[in-house]
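Engineer: Quick one: the structure is below, questions incoming.
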Amino acid sequence: MSFENVTKRFREFIYSQWMVRRWSMAVIDGKKHMKRVVLEQDDAGSIQSSVAAITHLAKRKHISDRVKGVRLGILRHLCILVDCSSVMIEKDLLPSRFISVIKALSLFVDDFFDQNPISQISIITAKDKKTDKLVDFTGSARKHKEFLKAIAEEIPSGEFSLQNSLETANEMLRHMPSHSSREVLVIMGSLSTCDPGDIEESLEILKRNNIRCNFIALSAEMYICKRIAKATNGKYAVIIDEDDLKTLLSVFALPPVATTQLSANLIRMGFPKRIEDAKSWSFCICHMKHGEGLVLASAPHLARSYQHLYPILPFEEKAIDKQMKKELYCAGCFSAIEVKSYVCPGCRQDFCINCDLLIHETMHSCPGC
């Protein structure tokens with residue numbers, strides 16, 4: 001055996017052991033408990049089958065967790081807090097934690113506004129024990145992606161302050177209307193926080209202002225973050241790898257279940273038409289005033305928001321009998337189904353996992369029905 005082959009085998013062994021330790025510490029968020037993931041190696045010493053199985057279960061879980069017939073927060077104001085401290089330089093996510101988060105957020109912005117066209121996002125960065133408002137609340141995906149592209153060239157530094165980050169988000173969200181959902185999404189890689197005061201006081205303020213705090217951890221579970229998420233009816237999760245980060249972010253693109261404190265007032269909206277002459281002014285036809293402050297929307301915007309109220313039912317999972325002489329093909333992409341099929345409860349047609357996800361996350365209607 002040549003020296004190059006020995007070196008390659010040694011690298012693969014070290015990498016597999018590192019992945020086993022990292023994945024075994026990863027946490028999958030459940031409804032009432034946190035479940036530890038244990039990876040198993042196959043006869044060839046690979047953990048790829050375990051990774052595929054866990055990813056498969058995670059994708060299915062997000063579909064099955066969607067509930068029907070409940071009140072959702074369709075009009076949302078989401079404040080994203082990004083940890084830009086020195087720990088984000090680490091390369092356990094390639095090319096680095098910071099770059100991986102920026103790339104995932106760029107994809108998330110498109111997904112969020114596709115699912116929530118009448119909602120708004122703000123982005124805050126946190127480093128050197130301070131916070132900086134990168135983008136104010138806006139519904140423009142292009143604007144967010146431009147700022148994310150610009151910040152990707154910066155170098156993370158200093159320490160992360162969770163209290164300062166949450167207080168900054170609170171100042172931005174507490175003025176939002178009571179009929180909208182106020183949410184915070186913290187993406188942090190730090191295992192510590194440098195705070196100027198008592199974070200319990202900040203938690204009480206968040207609860208009083210009905211602000212829901214969600215956390216995505218890049219390293220490991222932190223008790224205080226988990227406690228804040230639970231106290232504010234938010235979610236807490238620890239990622240496994242880059243793909244899992246994108247999967248977890250896609251969960252927050254879906255509207256959350258509305259709280260009882262969310263008011264149910266009628267919302268004034270404007271339905272503008274395209275104006276060809278950009279130099280002309282647009283006035284409210286009711287009051288002949290300029291700048292009524294209405295939320296501008298179109299019929300497709302409301303239609304895309306409406307589909308969350310009546311989501312398509314989860315498909316039934318069915319194991320494939322390997323002794324079958326005839327291959328089973330997906331009714332969507334017509335590819336052969338090898339492991340499990342997913343049966344629509346309406347038309348009883350079989351679909352593969354990829355078509356199942358496409359139907360539930362993008363199409364929102366069964367092609368067989």
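Please read every residue number as a count from 1 along the shown chain.
Positions of Cβ are set from backbone N, Cα and C atoms, glycine also.
OK, TrEMBL features for this one:
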- 77-252: domain 'VWFA' (DOMAIN)
- 342-365: domain 'C2H2-type' (DOMAIN)
Engineer: Within the domain 'VWFA' (77-252), what mean pLDDT does the predicted structure show?
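Structural biologist: For the domain 'VWFA' (77-252), the model's average pLDDT rounds to 92.
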Engineer: Can you break down the domain 'C2H2-type' (342-365) into helix, strand and coil residue counts using DSSP?
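Structural biologist: Computed counts for the domain 'C2H2-type' (342-365) are 11 helix, 4 strand, 9 coil.
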